[in-house]
């Protein structure tokens with residue numbers, strides 16, 4: 001998530017949440033209606049991974065141009081960066097409800113544009129619209145839920161938004177799999193997102209504005225009427241007083257540091273506590289993205305095909321496992337983050353991620369090394385001009401294997417008797433693909449048949465298991481705790497921008513990297529990034545488990561150092577570091 005991330009629920013939150021929402025179903029109605037934004041967020045970021053396989057089949061220019069595939073995938077991320085900034089302004093000026101309604105319109109328009117796209121450039125425009133919606137929903141949905149929820153169950157309800165994001169990603173893989181044989185395939189996959197957007201739009205029309213926003217706009221009676229629906233009658237006045245005190249304190253802070261963006265930014269960066277908080281907050285967000293997670297979420301079926309699974313349906317089915325594990329990991333994190341601590345979970349997570357990435361690099365290297373050889377006889381078995389031109393002009397064609405063929409922008413038609421035996425290196429055309437399939441052979445254009453593919457899927461799953469409970473959710477929790485109260489919005493916003501920008505960089509370069517370095521080299525590169533990230537986390541990120549906000553602020557004011565680097569006189573001050 002972008003603004004606020006996955007909230008840190010108290011250990012009693014979930015049981016209390018169940019009791020409270022059973023007594024007051026209106027609260028759950030508010031939360032789930034707004035939470036559809038999280039579902040759309042997850043769906044629209046995950047669905048492109050499967051849709052891309054079929055977009056490539058329909059548009060030859062997308063198949064041939066790696067950069068065009070990267071642009072189609074990453075434009076949603078680019079749109080989200082601007083959507084989050086634009087959404088922040090709409091939130092403050094016009095309210096949370098209108099912001100969610102605008103996000104729904106953007107989701108719907110983007111889904112329709114993509115579903116009807118006659119050319120790749122229209123898909124890109126649709127992805128930008130969807131990205132704007134994602135950016136707005138990522139910050140507005142948790143904000144609306146937190147402001148319209150009783151304080152004692154706020155953490156649990158906001159956490160449901162995080163679960164709906166990973167649930168939306170899992171749903172996108174299910175939808176992708178369901179439409180593999182439908183006419184229009186990718187059009188249905190991308191267009192389905194319009195339905196929940198319509199549902200949320202009409203649900204939100206019947207729901208109120210956030211009571212906090214209304215009170216800040218001096219609409220006290222409207223705020224009171226909403227609080228009366230959320231809280232028991234004997235708690236309404238006390239909540240109204242707490243709301244008034246909170247908003248007055250917020251306005252006092254604005255008068256002290258200024259209420260415009262530049263004044264807030266200047267005040268934040270001139271504060272030593274905020275700067276040290278940003279060292280930690282930005283570190284964990286950058287490390288999260290450069291662990292390579294969104295290469296898996298955005299390109300998972302493509303990675304599975306790199307491993308040697310040629311069938312689109314098989315690639316989608318195996319990718320479903322990774323998405324499911326990501327959702328399960330979010331639940332695991334919520335159960336253990338308060339028991340074992342944020343810093344410890346991230347460090348353990350990074351060790352697991354690095355190990356899995358190194359093993360994946362070895363697996364892909366072995367897969368490439370043991371790729372089937374190219375047979376001259378098999379290659380000339382088809383039409384006279386069917387053989388890959390680069391193979392025919394190669395000085396030493398007998399040294400070629402399947403990977404050599406794919407690097408030459410050609411395709412491998414496996415041996416009909418045994419796909420691990422020498423096969424044909426052919427020009428990559430749809431006619432030759434049909435001819436290859438017609439002889440009951442398998443057509444490989446992204447990866448080669450090998451006996452290591454299953455290991456790649458297993459360690460991809462273990463990578464997700466390592467990532468999700470730690471680096472998946474904890475960076476957002478750290479950013480919700482690490483800044484002084486009056487700078488929490490600007491601090492979290494700066495860290496979120498770094499997260500989205502790094503996300504954009506990774507998603508926009510992944511396929512180019514695999515082309516230049518190979519799958520093995522790319523995963524090894526991400527492992528190297530993770531080693532750097534681990535060092536930075538160890539050095540800059542303190543443990544905030546169980547600390548009051550004032551204690552965190554005091555720790556940063558005195559300067560944080562890891563326990564191993566503390567002097568004997570200060571070592572006892574913070575044993576949890």
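Placement of Cβ uses the backbone N, Cα and C atoms for every residue, glycine included.
According to TrEMBL, the protein carries these features:
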{"type": "DOMAIN", "residues": "30-545", "note": "domain 'Major facilitator superfamily (MFS) profile'"}
{"type": "TRANSMEM", "residues": "32-55", "note": "transmembrane segment"}
{"type": "TRANSMEM", "residues": "67-86", "note": "transmembrane segment"}
{"type": "TRANSMEM", "residues": "98-117", "note": "transmembrane segment"}
{"type": "TRANSMEM", "residues": "123-145", "note": "transmembrane segment"}
{"type": "TRANSMEM", "residues": "157-179", "note": "transmembrane segment"}
{"type": "TRANSMEM", "residues": "185-207", "note": "transmembrane segment"}
{"type": "TRANSMEM", "residues": "315-337", "note": "transmembrane segment"}
{"type": "TRANSMEM", "residues": "343-365", "note": "transmembrane segment"}
{"type": "TRANSMEM", "residues": "452-470", "note": "transmembrane segment"}
{"type": "TRANSMEM", "residues": "490-511", "note": "transmembrane segment"}
{"type": "TRANSMEM", "residues": "523-541", "note": "transmembrane segment"}
Per Cβ pairs under 8 Å, the stretch of 98-117, 315-337, 523-541 packing most closely against the transmembrane segment (157-179): 315-337
Criterion met for the transmembrane segment (98-117) and the transmembrane segment (452-470) (at least three Cβ pairs under 8 Å): no
Cβ pairs under 8 Å between the transmembrane segment (315-337) and the transmembrane segment (32-55), at least three: yes
Beyond the flanks of the transmembrane segment (32-55) by at least 6 residues, Cβ under 8 Å: 1, 62, 69, 72-73, 76, 100, 103-104, 107, 110, 120, 123, 127, 130-131, 133-134, 137-138, 140-142, 144-145, 148, 160-173, 175-177, 185-186, 189-190, 192-193, 196-197, 199-200, 203-204, 207, 297-302, 305, 312, 315-316, 319, 323
Distal contacts, the transmembrane segment (67-86) - CB-CB under 8 A, six or more residues away: 2-3, 44-45, 48, 52, 55-56, 61, 103, 106, 120, 123-124, 127-136, 138-139, 294, 298-299, 496-497, 500-501, 503-504, 507-512
